Amino acid sequence: MITSLALLSLLSSFFVLSASAATADQWRGRSIYQIITDRYALPEGADPTACNTADQTWCGGTWNTIRSNLDYIQNAGFTAIWISPVNQNYIGPRTAYGDPYHGYWMADVSQLNAKFGTADDLKALSDELHRRGMYLMVDIVVNNVMSTTQSLNLSSYFFQMQNEYHPYCPVDYSNLTSEQNCWLGDTKVYLPDVNTQDATVVDAYGTWIQQLVQTFNIDGLRLDAAKHVNADFWPGFCGKAGVFCMGEVYDGDVPSAAAWQGPQALDSILNYPLYTALIAGFTIPGPGNMSGLAEVVAQSKELFHDTGVLGNFLENQDVPRWHNQSVDPQSMYNAMTFAFMSDGIPIVYYGQEQGFSGGSDPYNREPLWPSNYANSTGYQLVTTLNQLRNFLVNGTTGWLTSPVQVLTTSPNGISIMKGNVVSVLTNIGSPPANTSVAVYTPWDNSLATIDILTCRQWAVGSNGTVEVQYTKGGVPVILVPDSQLDGSGLCGHATTLQAKSTTSLSSGAADLGIQRPTAITTSILFVILSLGLFMFNV
């Protein structure tokens, strides 16, 4: 049996429960900023130029440097952070893929990774987040450990018995049993598969995760390689953790992915079906498949247990940056607006708001500090999106639990409605175009609405139609009834929120490259006679 489990069991007899035990419903209204700890912020006095992603080595970020730079995240309106794994990684000679700066090459989960700080440092980060009213999500690796050889030196691992690992076999990704029992990685860096069907392993993992969550007051877990673990392991594991669990199920197919969420499965998964559809719908150049995006929304509502807690993202450490796949910034602004204004928990990967453009691993793991944490166009958009979403989440309109509806689609755009908010999104890009879109809504004739991204006032035409013109480029539009913005702090409306000294509230009107009005203006919209028509005049 593992040597460190006895220590964990002894500690549990003296431990006082302190974790917030955040549930799926409590996470539903959150927005998450994802961080690779080593790449977010440097200690004072460190050399800011000494971080080349191609080197695949340590750059110096720690839990303390995250804590010292939380204002940047909170000022953008995020209410949670997700940090890379915190436990002890491989210690040894540099590999063909560099060093484990990312935190995913697990060795001993019972120990913390000293590269990122001490137990007191991690507790201090958790405490500061909770003082600010924010949640902490920690990335967890249970599927595998890491080795440079097929023969394991078991003394360096948490599990130290041969039967606690599956025997070596390369993964056949067309076979579920192989995916769950064989080793990920390759012959340069092996990822030996932990035998999560073994009762001793199950018990040990349960004791460990309960201790980790309680000791550091963790609010949620992101489960790495979740679909590579037998599905019946997760309910017991997450039950022991007692907090929200979001699994990584790297699968763009809705039926396959949806099987991993539910009462006898996971609370949530990363929404790879939506990610895949957003890439196909919005990237420039790209297929412009908006009907496919609408189909994913419809399928997801039918097959997922709860779309409201899925993790919506455009980037993470496993996929190329958006701007590596799309040449036009407006494509990201439109896709990001969809992720925030649809069902699900929006997740922004650090640097996305600064327009980073790295390709696949390791180039999508850039240091953030060269950006100088600028108040960039992307940062302004995220801030406005978060401010609106946080207002809607805390309001009385039922927006958070209202399922999203697709109003209309065309090859160049899609309009969605969630609660009483209509978002009109396009893939035409930044150049001005002699193009317009007409959207049929359930709103009453002459209802005054506000586009919160420009603070322009829009009056609804007959039969509930609104028309959006793209003579200044393909910017996203978010329309909210003017009367429902009281207390939001957006577009001239006063706020009822008490902002902490570390938080600055946006007034709306993110600068997306179009001229903003100096005062709220009224655009009387054209009457569209054909009911329900979504029309682009190209």
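Just so you know, glycine gets a Cβ as well, placed from its N, Cα and C.
Since the structure is predicted, the reported quantities are computational estimates derived from the model, not experimental observations.
When TrEMBL is consulted, the disulfide partner of Cys169, picked from Cys182, Cys238, turns out to be Cys182. If you take the C-beta of Cys169 (disulfide bond) and look for same-chain residues 6 or more apart in sequence within under 8 angstroms, you find Ser178, Asn181, Cys182, Trp183. Counting in whole angstrom, Cys59 (disulfide bond) lies 11 from Arg365 (substrate binding site) by their C-alpha atoms.
Here the binding residues for substrate are Gln56, Trp105, Arg222, Gly252, Asp318, Arg365. Their largest Cα to Cα distance works out to 28 Å. For Glu248 (active site, proton donor), the same-chain residues lying six or more positions away in sequence with a CB closer than 8 A to its CB are Arg222, Leu223, Asp224, Ala225, Ala226, Lys227, Ile269, Leu270. When pLDDT values are averaged over the domain 'Glycosyl hydrolase family 13 catalytic' (34-389), the model yields 98. Asp318 (substrate binding site) counts 14 other C-beta atoms within 10 Å of its own C-beta, drawing on all protein chains shown. Looking at Gln56 (substrate binding site) and Cys455 (disulfide bond), their Cα atoms lie 44 Å from each other. Sequence-distant neighbours of Cys51 (disulfide bond) (same chain, six or more apart, CB under 8 Å from its CB) are Arg39, Cys59, Gly60, Pro367, Trp369, listed in sequence order.
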